[in-house]
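Per TrEMBL, Ni(2+) binding site is recorded for B:HIS2. Positions annotated as Zn(2+) binding site by TrEMBL: B:CYS73, B:CYS76, B:CYS90, B:CYS93.
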Amino acid sequence: MTMTPRIVEIRQNVLKKNDLLARELRERFRTAGVYVVNLVSAPGAGKTTALTELMRRLAGAGWRVAAVVGDLATDNDAERLRASGAAVRQITTGTVCHLEAEMVARAIEGWDLGSLDFLFIENVGNLVCPASYDLGENERAVLFSVTEGEDKPEKYPTLINSADLAVVTKIDLAEAVGFDRRRFQEAVERVRPGIEVLEISARTGAGLDRWLERLLAGRAAARVR
Amino acid sequence: MHELSIAHQLVELAVENADRMGLRRVTALHVRVGALSGVVQEALRFAYDIAAAGTAVEGARLIIEDVPVVIYCPACRAERSLPAPVPARCPVCGTPSGDVRAGRELELYALEGEADEEGNR
Ligand SMILES: Nc1nc2c(ncn2[C@@H]2O[C@H](COP(=O)(O)OP(=O)(O)OP(=O)(O)O)[C@@H](O)[C@H]2O)c(=O)[nH]1
Ligand SMILES: [Mg+2]
Ligand SMILES: [Zn+2]
């Protein structure tokens, strides 16, 4: 049989499987009325510490909160998060340097989402790979600690471009490390104009009230939609 | 480095679609990679060769089309293509804009190959 050369248009997203699953998750979250936040940052920026404090405050105010946390190997972060009183599940990713929708779907199996108000997802500490993977979250917060330098956002434009909120952590150390707020703010503006920047310290509690306020407003807005 | 995982998904998608389209032999994959996709082209090329080995698309060329970041400029009321992802400012009038209209894609755009004469679509 003779063969003829052909070119065929496909136009499919390479991460189609993840995107489809994320869409399903988003629909499940919406139906259940749970507000979902994905926390991303470089390793050690302060996700677990901030999340523990946020969840402690939310739980204290009567909100029903839970978290899933991704880690390459250990379950230390899950243990620490449980100190907040929230239900926590660990996702051990092994060699995978980011969370995928399928891992989240498996981690929340058996949980009654309808009995939750907030679900937090602590991603694997990594400023590159998590950007490409939608987890069905309502919002994505990217954290930068004051010890990482003011130009970090410009070095990782992809991740901050996928985020809805930028959080500066460990602000209690700002003076000690000579953190220049204005330079950081300018760097963020160059990469992602208009994104809100929050400054927090999980140590002193500074800025956490504003973050809580934002979360509650986000949840209320998502329920109207 | 998640390019290997991405390359495996790309190859899987290509094999699936080649089969669906009745392509007997795949000679090239056309992929569009946005400047904000988070994918490093060199790493993807390298990973692709590994991922394609032993599959139906082994030996097919990987043709990558760069997709620049396009923002909507509220001052010009027009979409503007940026020479680089940073700064996110209109290259014509300098207005900052976070309204990204293109540049995040990571897409298998087309497949080149050979089909049977009648082309069983
Ligand atoms: N001074 C100060 N230290 C903090 C603060 N938040 C976190 N740290 C410290 O920073 C280190 C890393 O914090 P984690 O919360 O574990 O960071 P993480 O982002 O969860 O880290 P990975 O999950 O490993 O990526 C720990 O030693 C924390 O005690 C803060 O607000 N102030
Ligand atoms: Mg952690
Ligand atoms: Zn303009």
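A Cβ is built for glycine as well, from the same backbone N, Cα and C atoms used for every other residue.
Using a 10 Å Cβ-Cβ cutoff, B:CYS76 (Zn(2+) binding site) registers 14 neighbours.
Surrounding the centroid of the Cβ atoms of B:CYS73, B:CYS76, B:CYS90, B:CYS93, where the record places Zn(2+), the chain contributes additional residues within 8 Å, namely B:PRO74, B:ALA75, B:ALA78, B:ARG80, B:PRO91, B:VAL92, B:GLY94, B:THR95, B:SER97. Long-range Cβ neighbours of B:CYS73 (Zn(2+) binding site) (same chain, at least 6 residues apart, Cβ-Cβ under 8 Å): B:GLU79, B:ARG80, B:CYS90, B:VAL92, B:CYS93, B:THR95, B:SER97. When the neighbouring Cβ atoms lying within 10 Å are counted for each of the binding-site residues (B:CYS90, B:CYS93), the highest count belongs to B:CYS90.
Chain A comes within the C-beta cut-off of under 8 angstroms for the following of the binding-site residues B:HIS2, B:CYS73, B:CYS76, B:CYS90, B:CYS93: B:HIS2. According to its DSSP assignment, B:HIS2 (Ni(2+) binding site) is coil. Just so you know, the Cβ of B:HIS2 (Ni(2+) binding site) picks up 22 other Cβ atoms within 10 Å once every protein chain is counted. Spacing of B:CYS76 (Zn(2+) binding site) relative to B:HIS2 (Ni(2+) binding site) is 37 Å (Cα to Cα, whole number).
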